Amino acid sequence: MSTMLIAVILLTLLALFFGVLLGFAALKFKVEGNPIVDELEAILPQTQCGQCGYPGCRPYAEAIANGDKVNKCPPGGTATMEKLANLMGVEPEPLNAEAQSQVKKVAYIREDECIGCTKCIQACPVDAIIGAGKLMHTVLTADCTGCDLCVEPCPVDCIDMIPVGQNLKNWNWRLNAIPVTLIQETPHEEKRG
């Protein structure tokens, strides 16, 4: 046999041995996760924004499982908070007062200063920044959660967080709709006389 064939066979056997060893170690030393944390994390919006005071959705889910409040997720809103409260069996509370009092902000890239490094795109957890390498980037304001994670990695500091004012484009018309009460028609009684 040639030395090349011996080397290939030897490497294949070595890879097979270590593969079996790793498979055994994975089964023997398997760490069971907390299933309630997995369920809580599935409910959270996965923006990894840190507005709750934790570095991501998984740590916040672990904190909720350990008894922290369920009302600290501004991107998730009231619907997420109610689902979390239902799962944990606690009373729903209004969203965190700090989160509600803050004006919603979105990222704004000063495109004339942008060098197209793509670091902000990589940092954005919701893909709200579009652009390509060596070209200017821009933010899709409808998708931006205002998490502020894109500001720090920018090497030329061309990203600002600006407050979003209400205008015709972002006004929630259904929220401020005029209440309408439907009246059921009743058969009229015939006039006598």
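Each Cβ is built from the backbone N, Cα and C atoms, and glycine gets one as well.
Cβ neighbour count for C52 ([4Fe-4S] cluster 1 binding site) (all protein chains, 10 Å cutoff from its Cβ): 23. The [4Fe-4S] cluster 1 binding site annotation in Swiss-Prot covers C49, C52, C57, C73 and rests on sequence analysis.
According to Swiss-Prot, the [4Fe-4S] cluster 2 binding site annotation covers C114, C117, C120, C154, on the basis of sequence analysis. DSSP assigns C114 ([4Fe-4S] cluster 2 binding site) to coil in the three-state reduction, placing it in neither a helix nor a strand. Counting Cβ atoms from all protein chains shown, C114 ([4Fe-4S] cluster 2 binding site) has 18 others lying within 10 Å of its own Cβ.
According to Swiss-Prot, the feature [4Fe-4S] cluster 3 binding site maps to C124, C144, C147, C150, an assignment based on sequence analysis. Within 10 Å of the Cβ of C150 ([4Fe-4S] cluster 3 binding site) there are 23 other Cβ atoms, across all protein chains.
The annotation domain '4Fe-4S' is assigned in Swiss-Prot to 32-90 on the grounds of sequence analysis.
Averaged across the domain '4Fe-4S ferredoxin-type 1' (105-134), the predicted model reaches a pLDDT of 91. Positions annotated as domain '4Fe-4S ferredoxin-type 1' by Swiss-Prot: 105-134.
According to Swiss-Prot, the domain '4Fe-4S ferredoxin-type 2' annotation covers 136-164. Here the domain '4Fe-4S ferredoxin-type 2' (136-164) has, by DSSP, the following mix of helix, strand and coil residues: 0 helix, 7 strand, 22 coil.
Marked as region 'Hydrophobic' by Swiss-Prot on the basis of sequence analysis: 1-26. Tertiary neighbourhood of the region 'Hydrophobic' (1-26): none, as no same-chain residue meets a CB-CB distance under 8 Å with a gap of 6+ residues from either end.
Within the set of binding-site residues (C117, C120, C124), the lowest number of other Cβ atoms found within 10 Å of a Cβ is recorded at C117.
Looking only at Cα atoms, C120 ([4Fe-4S] cluster 2 binding site) sits nearest to C49 among the binding-site residues C49, C52, C57, C73. In this structure the C-alpha atoms belonging to C114 ([4Fe-4S] cluster 2 binding site) and C150 ([4Fe-4S] cluster 3 binding site) are separated by 13 Å. Remark: secondary structure over the domain '4Fe-4S ferredoxin-type 1' (105-134) totals 5 helix, 7 strand, 18 coil, with classes taken from DSSP. Listed in chain order, the residues near the [4Fe-4S] cluster 2 site other than C114, C117, C120, C154 are I109, I115, G116, T118, K119, I121, H137, C150, P153, P155, V156, C158, I159, each with its Cβ within 8 Å of the site Cβ centroid. Each residue contributes its Cα atom, and for C57 ([4Fe-4S] cluster 1 binding site) and C117 ([4Fe-4S] cluster 2 binding site) these two points are 27 Å apart.
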